[in-house]
Amino acid sequence: MRAHRIDTFLIRENIKLEIIHESNSYFGGEHISIAFRFKHLGSQHELFNYKEKLLTVDKAVEEKLEQQAKVQDDGEGTMENQTWSLKSLLGAFKRTGEPEESVDVDNMKMLNESKMLREKIQKQMYFHQPVTLISGYVQISGVFQYDSEVISESKFKQDEVKMVGLDIVPGHTTNSVLALEDGEHFKGKRNLTNYLNSDYTNVTNGLLFSESGSRGRTGTYNERTLMISNDTSIKTLPLLLIPQTLLFSEISLEPGEVRTFYFKSTKLPKDICPSYSSSKVASINYTLEVGADVLSDDNIEKFSNRVPITIAPYISSNAEQYTSRLDKPAIILKTGNIKELKPRLFTRKVSTASAVSFGRRKSSIIDIDSPLEDNEFVKRVKKNFIELVESNQNVSRDIDELIDLQMGVQFGKDEDSSDPEPNDSHFSNEMVTSAESSLRSDAVTKRRKSYSVRDNISNLEQKMWNDCSLVKSDENSNLLPQLINLQNAYQINRNNETMAKVSLSAPFYKTTDDINLVIELDPITTPLLKVTSLTVSLESFEIINPKYKTEGKGIGSKPKGNSVYEKHFICFDECKSVSVKLLPPRSPTNQITGQFKTDVFQHKWMIGLKFVIIAKTESITLDQFYEDKKGILFHSKENLEGEEFTCYVPIPILCTSEDFMGW
């Protein structure tokens, strides 16, 4: 398991490109930092061996030709010394006529074999030859796509805009293969595909993809196939553009050589709209494009590919988020900063366990200048330890968190800067190295580096335990609080009768959390009814602003949810409670989006509960098949039909402070 998400592509058969994402997701108000590693897959040793083989073949041919020429010269000299008579002339023809033809055939055969062997060696050596790359670049763009049959195009202040660099729908394409789980391949020119190391992927690009149909699976998210490209109802508005940034003008890769370039953008706007692709109506997609030209036999082969990047919303320390604006001109940032990372000559091997648990800290002994300061320091450390123990008696906290707090007092904060510049080679090299050497077992890992947004999210849970009020900090700001009037218990009524009680494990969740809940059925208040089955689903809803709705398209109607995860239960006999665990997807390129709000629509999460209710009788699941004086024979019912009752429970889900790694 790697510590970072890594996307891998082959520029050509012997050049591999690795895109190492500094974080996944990127937050509003922070930088986008990515390392690009160009690696020659050949070997200097193999190249030397093939050159030696070529020299051996050429030398063998030359020796054979020289030997044959010498034999011919000796034969001609012998004939000149003989007496010119009719008998000797006939003898000469008998001696030299047939052998010369045989020698020519042998020579041609030998030359052809040598030529074929030489071509074979050259083909094998081609893989290990140096390669020249020119004009390497990187570009980041973002678009908002929507279905104009639901969201009115005329309601936007700006019409659909075409911007150079944002040619996602009709423009730049790459050769790719998109495969489904059933093995069907779609080949040809495709937009925004070739996302991963493999052709097999369920990554989407919003409305460029449509649902491939219900497959009866649970836990799937955004499994879609490419739509017909001439769908005129899909409209696109540009949101973000970081123009092409030159990685290098020209580099030459020797066999086995690795060149790494570190890209860092300017800070993203805090009110940037997050990535969103779980809807059939609207999607927000951010993509990273990287390209280069390859010099090959006096020809230039172009390479370019795109990968999705995930952007999460900015969250303040009071769990506030900005209301993002989609109906505005696109944000154009400055080009990013580029620095080539040189490999270290001598590196110290760091224990995996220590690297995972803690960052590097300052020594507490070095900072002590006097015995008095030593005594004060020890008292402060002891006092902090006692306070942590006392605070843990009321509310149980994670042991790792307690250790971090104690070590923060004893050894100081991490030496790493929370906002490294592009010329910070220590951080950049550490990022690239840890991406290769990390052996962590989870698909999600806590970041060692400290960022303000991540700190804000990490501290929210502790604030909730301490009953801190998370109210709006500034009434005049565009920040909206996300955690208000929280509760983790709900009572479900039907016709003024209590059906069930729902208890959630937490008042709010993050996108990496398991959602645990218990549903307690109430047979006392509904003695004549029985719940025979229960379906629990995690669904995303988007509530479209009426101002932007197409006239006559579901104005006033209830929004429909998009199911992300679903569990089905059958309730036998006297079933009083059902325990449910909902598992949202958590892969590096397949993750859910936390709640957010824009000027066009608002995204929320709900837990859907569908009960199947039947009248309670003596034999609910049995039918009388036969009866005589000896008794009655029952058979179980093949079908059990009942009345459906559906309701929804709101659930706050925010983005996580943890990273989605790669493998």
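Using the three backbone atoms N, Cα and C, a Cβ is placed for every residue, glycine included.
Keep in mind the model is a prediction, meaning the values are calculated, not measured.
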According to Swiss-Prot, which residue among Ser33, Ser148, Ser354, Ser540 is annotated as phosphoserine?
Ser354
What Swiss-Prot calls phosphoserine, among Ser249, Ser351, Ser579, Ser657, is Ser351
Going by Swiss-Prot alone, which of Ser85, Ser229, Ser357, Ser537 is annotated as phosphoserine?
Ser357
